[in-house]
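Taken straight from TrEMBL:
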BINDING   B:CYS643, B:CYS649, B:CYS683, B:CYS687  [4Fe-4S] cluster binding site
BINDING   B:CYS687  siroheme binding site
DOMAIN    B:3-305  domain 'FAD/NAD(P)-binding'
DOMAIN    B:322-385  domain 'NADH-rubredoxin oxidoreductase C-terminal'
DOMAIN    B:426-475  domain 'BFD-like [2Fe-2S]-binding'
DOMAIN    B:562-622  domain 'Nitrite/Sulfite reductase ferredoxin-like'
DOMAIN    B:634-770  domain 'Nitrite/sulphite reductase 4Fe-4S'
Amino acid sequence: MEEILNQYETVHPNDAKIWFKAGKISDFPTNRGGCIKYKNKQIAIFNFTRRNEWYACQNACPHKMEMVLARGMTGSADDIPKIACPMHKKTFSLVDGSNLNGEDYKIATYPIKVVEDEVFVGFLD
Amino acid sequence: MIRVIVVGNGMVGYKFCEKFIAKSGQEKYQITVFGEEPRRAYDRVHLSEYFGGKTADDLSLSTSEWYAENNITLNTSELIIDINREDKTIRTHLEKTHTYDYLVLATGSSAFVPPIDGVEKEGVFVYRTIEDLDAIMAYAKKIKQKGATEAAVLGGGLLGLEAAKAVRDLGLNPHVVEFAPRLMPRQLDKGASDMLQSKIEELNIGIHLNKATQYIDGKESITGMMFANDELLKVDMLVISAGIKPRDELARVSGLEVGLRGGVVVNNQMQTSDPSIFAIGEVALYNQNIYGLVAPGYEMADVAAEQILNGTKTMRETIDMSTQLKLIGVEVASFGDPFIENNDVTAIVYENKLSGIYKRINVTKDSKTLLGGILVGDSSDYNSLFQIYSNAMALPKNPEDLILGSRDGSGGSTLGSAMDLPDTAVICSCENVTKGAICCSILDESCSTLSDVVKLTKATSGCGGCKPMVSDLVKATQKSLGKEVKDVICEHFNYNRQELFDLVKINKYENYYDVLDHHGTGDGCEVCKPVVASIFSSIYNDTANKHVTTQDTNDRFLANIQRNGTYSVVPRVAGGEITAEKLIVIGEVAKQFDLYTKITGAQRVDLFGAHLNDLPKIWKILIDNGFESGHAYGKSLRAVKSCVGNAWCRYGMDDSAGFAIELENRYKGIRSPHKLKGGVSACIRECAEARGKDFGLIAVEGGWNLYIAGNGGANPKHAVLLAEQIDKETVIKYMDRFLMYYIRTAGPLIRTSTWLEKLDGGLDYLKEVIIEDSLGICDTLEAEMQTLVNTFECEWKQVLEKPRLLKRFNHFVNSDEKDDNVVFVPLRDQKMPKAWT
């Protein structure tokens, strides 16, 4: 199972070497998640319309390694945008991937940018 | 500067630093810490979680910045080998010398290794440090590759059982070997040990009691353990966890007084025989005892810190060894004197082998004082019992009520309110926080919320067992100040569900974000979104398709998410009545999509393992064949269970199946604060188990008896009688009113039974409202319910009719593939998700 997690590592916006076109804005649901496939990775993408902000993170919940974060509910905690896993309601910051329930596992986050009506996710390779 | 040197960087050494720097007057002191381990202090209590995937960093109690910020010098990997008490200096193994004014020995203990022939063999480990764990993991991996499956743990105490769990987490079958005739001999009596043993054996952990190990078998590495009766246990690894041995060697070479069986002798100020040297934690011998628990260690740290800073605090005369913990998933607790047996004491024992519960309390013959006790399988009474014991509080008239609960029907906790405790009562024993300290922090306005109190007092930050009590105390104190204490939904709404319900209704909101804009803050969350969505459904009968962004995940996909992220599908089978044709359709669907099938407790069929992408295809077939959604995913009516009724049954008094179908079809799809279940039985034999449901009907001479507010689940509760011998029309009238009143007023995720318990005035009041119409709202309730009934639509049918709704049933936005991470393995004649590791 660790192999699943090893694939995902946070990419900082300045480090991104490849900007992968994930789809058009209209392909993604608003205020909840959509999952995209990039090589062998599954990435969850969230469009927070009220903030006019987009976030991307690994789709695997590190608690039980299921590919489900895109199906969770979005929200905020102390104004930090977050995602709650649909399995056991573990919540993670979409800004730095940290667990907001005080547990230890965290998720990898990816930079995301919207150019005109297209959505791009940044990867190292 | 006054120099304080701490020898040992374990949990207690760290706690000493933490306590010290928090005290006044500490500015004139400089602390230097020496630890022989290569890392900062870590949480040894949760060591077994290292096997569960936690890293050494996760277990660390602090950061390197913490030491720097607090001006504490930490030297790791450096062992102190000598103390020169005349010059007040210490010498390290690197031949460095440091001068101290005060020296604190917190060297802890090492694993006790019994003198058994062959303990030096390869594959024999102790269970103490992260390095030990690393070695155990590496060895387990190696022998597993060679096909080894069995491993032993020597010691059936607390740590031994922890170690057994760790061995199991590594994929080996553990065998616990204990010399004594019972498990946890220091905490449990025979009955409790037997109960714990049977619970643990269910998990395939072998328990071998009464075993004296003669020698370790094997050439270079261990292959087995030979017991005194010539019995050989074949194992390829042994983890020794048979007790602790104080690390007092430094004290010995320095001529400090030590006990006969080890440990540095200290007085109640934690001073050793040299007044400028203190000893705390597992190395300290206080009152002729070594205390291997973290709570007394922390208290010693506090006393030593106080004493060095010229305070007056001393160690208590008797140290409480009460513990409450979860061992391999089994709750275990013991407090006070768990074993005491003499002419003045009576032990009251409750044992239930079916549910694996053992409870014992020791009370004085006059039934006035609680002296101690043991709980296995269910330790929920621990907090109350411990408070009654440690504050010598008066016992109820029948002391057995303490473990059996009051049985006169009044319900309620045996302790009453936490506010009845004396101010000196220790609520959080890990951090030694009293009731007085908690309440005071609210009264003197240094804290205003629960999280303030946690931050200030550190209560609940240890084992967390005291959380409910601390929360009750904070609420009650706030109330006593006249502050309004309200169960608000979450940080985004300062309202409870009922208030939000009224706001939505009055303002006719139809969109979550309208409600958030007008009455909330932030972006919402996984708590408030489903609550508001459910309110919309209850008011407008909106199906889950209308509020996709705010529905909980199961509502969003109209199916129940299961362990590997696939879904289960439950078509409605009203009253459990189904034709052969329809059964065949379900079977065909299961075959076509390779689904695991199981009959549910609600008399219907559950189909597991459906990929998200397949859900619409499955439902197309089901709906074409006359099925509709069973709402198994929703907080709504699930099913109305029935017996076959007087059509077939020779005892039946009425058509229970027919009535169940009518009721299920009437209330199906209606969203409520929690799920709803019903039952209809045709006679008092009650085959439909109607009294275990939110509403239940039993046919009697002259009509139906209507019961409400029962449930099964974690806290089973029998439904109570609302009305007797009423006809079907009256049943429906009362049911409409009851359900609608519940939907309007209950908190989120509150079942009818809890709702009724909390309703002021209880059942009598409810009868006034919905039978006698004391509030004059019955017409409205009935009309509201009738609107909901009239506007029912099957959500799945809606989805299939509107192609734009189908988009969400794709796993990927940019591909039609299914989730390739899903793996199934065989299970009996069917399949299941690959196990979680």
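Just so you know, glycine gets a Cβ as well, placed from its N, Cα and C.
Around the Cβ of B:CYS683 ([4Fe-4S] cluster binding site), the same chain contributes B:CYS649, B:TYR651, B:GLY652, B:MET653, B:ILE698, B:ALA699, each under 8 angstroms and 6 or more positions distant in sequence. Within 10 Å of the C-beta of B:CYS687 ([4Fe-4S] cluster binding site) we count 18 further C-beta atoms, all protein chains included. Tallying C-beta pairs under 8 angstroms between the domain 'Nitrite/Sulfite reductase ferredoxin-like' (B:562-622) and each of B:3-305, B:426-475, B:634-770 places B:634-770 first. Same-chain residues with CB within 8 A of the center of the B:CYS643, B:CYS649, B:CYS683, B:CYS687 CB atoms, the [4Fe-4S] cluster site residues themselves not counted, are B:VAL644, B:GLY645, B:TYR651, B:GLY652, B:SER656, B:SER681, B:ALA682, B:ARG685, B:GLU686, B:ALA688.
Counting residues of the domain 'BFD-like [2Fe-2S]-binding' (B:426-475) by DSSP class, helix then strand then coil, yields 26 helix, 5 strand, 19 coil. Shown in sequence order, B:CYS649, B:GLY652, B:SER656, B:ALA657, B:VAL680, B:SER681, B:ALA682, B:CYS687, B:ALA688 are the residues of the chain, 6+ apart in sequence, with a C-beta less than 8 angstroms from the C-beta of B:CYS643 ([4Fe-4S] cluster binding site).
Other C-beta atoms found within 10 angstroms of the C-beta of B:CYS649 ([4Fe-4S] cluster binding site) number 16, with every protein chain shown included. In three-state terms derived from DSSP, B:CYS649 ([4Fe-4S] cluster binding site) belongs to neither a helical nor a strand segment and is classed as coil. Here the domain 'NADH-rubredoxin oxidoreductase C-terminal' (B:322-385) is broken down by DSSP into helix, strand and coil counts: 4 helix, 35 strand, 25 coil.
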